[in-house]
Amino acid sequence: MATVARTLYDKLWDDHVVHTEDDGTAILYIDRHIVHEVTSPQAFEGLREAGRKVWRVSSIVATADHNTPTTGWEHGYDGIADPTSKEQVLTLDQNIKEFGAAAYFPFLSRRQGICHVIAPENGAALPGMTLVCGDSHTSTMGAMGALAHGIGTSEVEHVMATQTLLAKKAKNMLIKVEGKVTPGITGKDIVLAIIGKIGTAGGTGYTIEFGGSAIRALSMEGRMTVCNMAIEAGARAGLVAVDEKTIDYVKGRPLAPGANAASPEAAALEWDQAVAFWKTLHSDAEAKFDTVVELDATQIVPQVTWGTSPEMVLGIDARVPDPDQEKDSNKRGAIERALTYMGLEPGKPLNDLFVDKVFIGSCTNSRIEDMREAAQVVKKLGQKVAKNIKLAMVVPGSGLVKEQAEREGLHEIFKAAGFEWREPGCSMCLAMNADRLEPGERCASTSNRNFEGRQGAGGRTHLVSPAMAAAAAIHGHFVDIRQFS
Ligand SMILES: CC(C)[C@H](C(=O)O)[C@@H](O)C(=O)O
Ligand code: SF4
């Protein structure tokens, strides 16, 4: 009998299902559990109250990221001004001490950083794994060819106690992006264009596999940016098939296969066996997807969100939409509300929008390649941050990204132009630490969410790529980076 053709998602799912109920509810084995300080305190408390231990301590990799400050590290924990933030960071320290972990990168440590950045960077997110974290952007790690999704706090406790997750299988969606992008177009523009096309509910109920020549051409960092925003397209998980880039990326990372083997021979064997398996991690040629969406990469222009949802996005050459042109009354109302919140006039060209702050960072765009792209634009333009910009900040995603960027001298390029070069963390992506927007401030941000108040009450967020954010800092308003890419 011929074997049934399967998608990558089918394969990852089949490999991890322990049991399936008649109604489709399944018990899924979880290989890796990433933990941060916001969604873990109650979970640890639950274990403590029930007198339980963590089922597999070696599956846990933890860091503090949301509440950590990006300045004043010389003051240590006293530099965390907000008492609740400080308590969460200290509580994580205490919990890891008590319950254990395979690796812990606490506040102030060299490898600390945003959970979705430190996991791949340390080889904690590997192809073929099931991976969870109490955080919606866990989808990022699907770029490794892993089934990675965000879970809630009660699920965090469930995984800690049992090493399994209750889940129902999602449907399969393939988003195929074919063709060669114009110079300057990045993974961020691709994923914003996808969300612009399918909407923030487009992927609901699906696991999305991103494929096509434009996705294959992306670096691992670019693929992570795309998978990071799968959740903004409504999908719980995004995936990219394993190829040579994936394997090269993993090689030599601290938690990669073979890294801790007893001898070089054992290390080589472990690695070779892993690679042989990883090479099977792609959808079969005949595999059936429930939905296929196609995008022409050659048509993608630099994207800028104008509204209060990631689907409210247009190319930089467009104008702020006019609600009067919208026939659907619900959509018209949504556009009107968004424009009021964002303080925008219909018909205004997007490249005439002046911004007050610029934020280059977040788990979407704070990896080394993002730092390089932004620095390259700053260097090319050869000018300082514009006078109208109150703050332009670059926040590397981890201590290791920061070190690498400094080895390459990128921090000097930023600082010479007037950017602030900060310590790693979630920073101004969400208003959970000291970095935030004031009411009415407009921000060019490389993060993934532009909801009302996301970067601070009354703050106005425009999501863009690192290159677009860097150019906006220098010009003081959005510009089309294709003119100097
Ligand atoms: C705090 C955390 C639970 C949250 C998430 O799940 O995504 C945050 O990371 C975010 O980006 O909004
Ligand atoms: S950087 Fe932003 S999106 Fe990513 S985990 Fe932190 S708060 Fe969430």
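Backbone N, Cα and C define each Cβ position, glycine as well.
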Next item on the list: Can you match one of C363, C443 to the [4Fe-4S] cluster site that TrEMBL gives for C426, C429?
Entry: C363
Checklist line | Among C363, C426, C429 [binding-site residues], residue with fewest other Cβ within 10 Å | finding: C363
Checklist line | Listed in sequence order, residues not in C363, C426, C429 with Cβ within 8 Å of the centre of the [4Fe-4S] cluster site Cβ atoms | finding: D65, H66, I114, H137, G361, S362, T364, S366, G397, G425, S427, L430, S447, N448
